[in-house]
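Noted in TrEMBL for the protein shown:
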- D222: active site, proton donor/acceptor (ACT_SITE)
- E36, N172, D222: divalent metal cation binding site (BINDING)
- N121, E139: substrate binding site (BINDING)
- 34-282: domain 'SMP-30/Gluconolactonase/LRE-like region' (DOMAIN)
Amino acid sequence: MLFFCCFHDNPDASGQRVMSSVKVESTVKAGALLGEGPVWEESDQTLLFVDIGGQKIHRWSPATNQIQSLETSDMVSFAVPRKSGGYVAGVGCSIVAVDWSTQAMTPLLELDSDKPNNQLNDGKVDPIGRLVAGTMGREVRPAELERKQGSLFSVDPDLKWTKHLSQVDISNGMDWSLDQRTFFYIDSLALSVDAFDYDITTGQLGNRRVIYRMEKEEGLPDGMTLDAEGCLWVACYNGGRVINIDPATGVRLRTVSLPATKTTSCCFGGPDFSDLYVTSASLGLSQSEKESQVEAGNIFKVTGLGVKGRPTWFFSG
């Protein structure tokens, strides 16, 4: 168990810097090569996540501290709950249906079928049950790949898909504003967090703009989540931290340091959605880094932040 202090980067009303003490705990001993895509399942009080490099979907129960796993046939980049039961997951460039009880996976559709060297990366469900997922070229080494090969897609409940963006490097973190009118998105190698106007009815995007540019020491922006106050929490790959951003002002509000440099994504969970779960990777660490980062590849639980997240949305297909 590890404890850290988290400092607010903004002053309070009196102009003084505010310090709030938070706890960072290595909670899920996943030992993942590339842990990603955490999703809190409220009904079962379990954490769903994937190990992309290890080609596994995992479910962790805090009540039992047990991990259940399902192996996939290719790199699995995300898994999200499905309204009709089970999950949908991104495996290679395929969207597949997952029946957890039988461990069966059924292909639903293929994306980027004209690019055999591509794979899906991050995916998330929007507030009305539409799946949004992106692709990227397969990596030679972590964050090293043929550039501009990826795209961003949406998949409707009837499995009709639409391509919204092309020429993407690493399609990554995404979420929606509280009023559902803004889509937040990360293309990691662009080193920024972007926003689009979002039409919740059609899923169309417009008016792209940068809301935050990464500082050098923050690394690459990776997965992210939105809290119930409308602010973003962005995992920083090679930065060993999660940063809290106000998307309305572009100001970094807080930084939470973690004992693993390759932090990959985050979500809120727990009984009242006040715990922040952060995934990490061990793939790409040198031998000396592995020795100094013995918790790399595990999932960290951050408590004491004083904010909550939102319930998970289900894919309606």
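A Cβ is built for glycine as well, from the same backbone N, Cα and C atoms used for every other residue.
A TrEMBL annotation is a machine prediction, not a hand-curated record.
The Cβ of N172 (divalent metal cation binding site) has 29 neighbouring Cβ atoms from other residues within 10 Å, across all protein chains displayed. Between the recorded positions E36, N121, E139, D222, the minimum number of other C-beta atoms within 10 Å of a residue's C-beta occurs at E139. Other residues of the chain with a Cβ within 8 Å of the Cβ centroid of E36, N172, D222, the divalent metal cation site, are G37, N121, D122, I170, G173, I186, S188, G223, A235, Y237, T264, S265. The two recorded residues, E139 (substrate binding site) and N172 (divalent metal cation binding site), show a Cα separation of 14 Å. A distance of 11 Å separates the Cα atom of D222 (active site, proton donor/acceptor) from that of N121 (substrate binding site).
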